[in-house]
Amino acid sequence: MQKRSKIVSILLDSLPHIKLFSGSTMVIKYGGAAQINPTLKEQFAIDIVLLYMLGIKPVIVHGGGKKITDLLGKLGIESKFVEGHRITCIDSMKIVEMVLSGDINKEITSFLNHHGVKAVGISGKDSSLLRAEPKDGGRFGYTGEVKEVKAEIIYNLLEKGFVPVIAPVAEGEEAGHPGYNINADTAASEIAKAIKARKVIFLTDTQGVLDGEGSLMESLTLSEVEENKRSGVINGGMIPKVDACVECVKGGVEKAHIIDGRVEHSLLLELFTSEGIGTEILRD
């Protein structure tokens, strides 16, 4: 009886959040351990099914950095990063596209379809969904910055009940261009702005944004993010993630969340419990 009462209590705690978010569009950046660990992959698919069944419209943007780095290493191509962004040469661009669009994208799509969601895997090149230009004038090679998102493609899929699964590879400026590798955090942010998503959620391999003592900061305003960057509390690989959060919140997204994808059912814990699990970033 006590166990049943606990289940009822959990459902009642979730109800206000379910009512609040039903009908909303949410962009979910899927990466890290949640994308590699077999158990977490299965649970992520189940979480997306539940969101879908509750009337939430998820849009998934995935990364694939570890698989890309591993395959490049096997081929004798060194991976280089500056400020958390990959430098992409012409040879590695071909590998990036193969891994993101041909391997990971289809695996995620298959998982979701297997669990009863109508998922459609697409690349940013499909129907010119993402158009890009070189990042920092070409300093990062074929790593690009998104300059256009064709939101109507995503709208059309959502209206027909599909869950878009998007590989962050963008179209180049002219026919025959190999395309651009887009940081998945940046791609998720730009897509969230373009489709006017209610939330964007980043699954990572850390609890969220941590303070100087290593404790989780549960909520940050835009100005607090900048303060923590200036002081060096936010540093390294967390910088591109918080920058992506800041950009989408400035662009009209209500809140951005950075959560620990290593925790089972972290998406549900963040969205449907009063305590949450990660860091939310919002306007001042």
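First residue shown is number 1, and so on along the chain.
Glycine residues also receive a Cβ, built from the backbone N, Cα and C atoms like all the rest.
So that you can see what the record holds, here are the features copied from Swiss-Prot:
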BINDING   G64, G65, R86, N181  substrate binding site
SITE      K29  site 'Transition state stabilizer'
SITE      K241  site 'Transition state stabilizer'
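For the substrate site, whose annotated binding residues are G64, G65, R86, N181, the maximal Cα to Cα separation is 12 Å. Just so you know, the Cβ of K241 (site 'Transition state stabilizer') picks up 26 other Cβ atoms within 10 Å once every protein chain is counted. If you measure from the Cα atom of G65 (substrate binding site) to that of K241 (site 'Transition state stabilizer'), you get 14 Å. Annotation: K29 carries the greatest number of neighbouring Cβ atoms among the recorded positions K29, R86 [cut-off 10 Å, Cβ to Cβ].
Long-range neighbours of N181 (substrate binding site) (same chain, six or more residues apart, CB within less than 8 Å of its CB): R86, T88, S92, M93, V96, E97, Y142, T143, G144, P168, V169. The Cβ centroid of G64, G65, R86, N181 marks the substrate site; residues of that chain outside this set whose Cβ lies within 8 Å of it are G63, I68, T69, T88, V96, V99, L100, N183, A184, given in sequence order. In terms of local Cβ density within 10 Å, G64 ranks first among the binding-site residues G64, G65.
Across the structure, K241 (site 'Transition state stabilizer') and G64 (substrate binding site) are spaced 15 Å apart at their Cα atoms. DSSP assigns G64 (substrate binding site) to coil, not to a helix or a strand. Secondary structure from DSSP puts K241 (site 'Transition state stabilizer') in a helix.
Counting only the Cα atoms, the space from K29 (site 'Transition state stabilizer') to G64 (substrate binding site) is about 11 angstrom. For the recorded site, K29 (site 'Transition state stabilizer'), the DSSP three-state label reads strand.
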